[in-house]
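**Q** Look at TrEMBL and you will find 6-24, 44-62, 68-89, 122-147, 186-208, 228-246, 267-287, 299-325, 359-379, 385-407, 414-432, 438-458 (among others) tagged as transmembrane segment.
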Amino acid sequence: MGISSVDMAVIIVYILIVTGVGLWGRSKVNNTEDYYIASRSLNMFVIAATVCASILGGSAMIGRSGIIYSQGVVGVLLGLPYLLGMYVFTYMAGRIQRIGELNKIKSIPDLMEYRFGKKTRLLVAGFIAFTMMATVASQIAAFATVLKIIGGISFEAGAWIALIIIVAYTSVSGLYGVVYTDVIQFVVIILLIYLLLPIKCVSTAGGLSSILSSVPPEILEFNVSSDILNWIFTSLIFTFAGAEMWQRAFSAKSPQAATKGIFLGNTIYACTILITLLLSLSALVLYPDIVQKYGTADSVIPVLVVGLLPKGLMGVAVAGLISVIMSTADTYLLIATQTIVADIIKPLTGKLADRKELFYSKLFTVFAGICALVISLYIKGVYNVLMFAWTFYAASIGIPAFVALYWKKATTAGICSGVIAGFLCSVSWNILGKPFNLSESIVGSLACLILIVIVSLITNEKGRTSSFPVIY
């Protein structure tokens, strides 16, 4: 599959514009608070745009459309748990913003040290760093896949191109560069991929009724497997400690901006789930041989873009596809950097001057990006690595993050016991082959919760109050 030189020129110009806007954000970066959380200055609309753009990653669009194409409408369920979890997180967002502003807290590990000490911070940070880099690796792989399918570029070359572009503006501009580019990418994604392309698909396929009558009947059946139910639980727990959403809440200018912005961004995301369903069903009617021809159902959206859109618009739509991936990759790359520098290196080395920390942050953004590139290039099944990381992260960090926000009686011993128990139980359950077909995230989360409660009640001295974030 190839595209015209006009469309390729449009893609290149778009990437240059986005990169330039991201680099422009460096003028606002003077310290680590600017770099990590944009000086806590983001309003509701910027929060909404960057939240939605970050959620709509390569796995959310390209991966989900492929699952619906190959397995049917049940693939929609993969997006619903994250959606539900995000609405739960909306309730948490205002509290997170207020805690961060009043207590100078900028991350989940930061909160863990405030409440439970340095060792807890380091323990939690290790899980976050690995999970974030695995997520960046999956987005680099998605970026490279799009370039390979549409532009005929090798996977390796596409991965390097992805790394260079994303690292270029994220390393020098931090969250300012991320959110400025996210706003542009949000507009392109919504207008072209979720408005223009569905209209073209439906009209070409003969209308909605024609699509529904033409797809195989089994595609429209909701056959809910235990794997789907397990994934629903994993996604729900994962959102409690979704480092990218905590970062957005910390960066909001007020609790109201955090709450309303995340609610709005999540609601827009809800609409895109239904549109992805429409795109996938249209592809089944218009291009029933995608898997046979391209080897993977993940090619659905690129095939629709190249097959249906005219010159010029095709290039912009491909740029929209790339935007989806970039907006997620830069977010997780920045969090990986913050975790490595602010939550691991700084606590281990003692006091680190802000200017030196900022320098290390820019340096380690490049380092984290290269690590993610290596994962995407040399570890087979990078999406399996991502699912592995997300599952054990949910089991180990989801409950502790929620507890740190709301339960005063939690203790250091309780949290550390819970994190370790959640990880060990989930790994052991996976090794045992998931007895009773229960997800390791369910078993790990339950073990984590039980240990936190029991150990905290045992070790909490009567009449003693732990460090609990001041809110009012």
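Using the three backbone atoms N, Cα and C, a Cβ is placed for every residue, glycine included.
What TrEMBL says about a protein is an automatic prediction, not a curated fact.
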**Q** Out of 68-89, 228-246, 267-287, 299-325, 359-379, which stretch has the largest tally of CB pairs under 8 angstroms to the transmembrane segment (186-208)?
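**A** Per the Cβ count, the answer is 299-325.
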**Q** Does the transmembrane segment (68-89) reach the transmembrane segment (228-246) with at least 3 CB pairs under 8 A, where each pair is 6 or more residues apart?
**A** yes
**Q** Hey, which of 228-246, 267-287, 359-379, 414-432 has the most Cβ-Cβ pairs under 8 Å against the transmembrane segment (122-147)?
**A** 359-379
**Q** Short question: which residues 6 or more past the ends of the transmembrane segment (6-24) have a Cβ under 8 Å from it?
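**A** Those are 151, 165, 168-170, 172-173, 177-178, 180-181, 184-185, 188, 311-312, 314-316, 318-319, 322-323, 326, 330, in sequence order.
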**Q** Given a Cβ distance threshold of under 8 angstroms, which distant residues of the chain, six or more beyond its ends, lie next to the transmembrane segment (299-325)?
**A** 1, 3-4, 6-11, 14-15, 18, 53, 56-58, 60-62, 65-66, 69, 139, 142-143, 146, 149-150, 162, 184-185, 188-189, 191-193, 196-197, 200-201, 204, 279-280, 282-283, 286-287, 290
**Q** Go through 228-246, 267-287, 385-407 and flag the stretch with the largest number of C-beta pairs under 8 Å relative to the transmembrane segment (414-432).
**A** 385-407
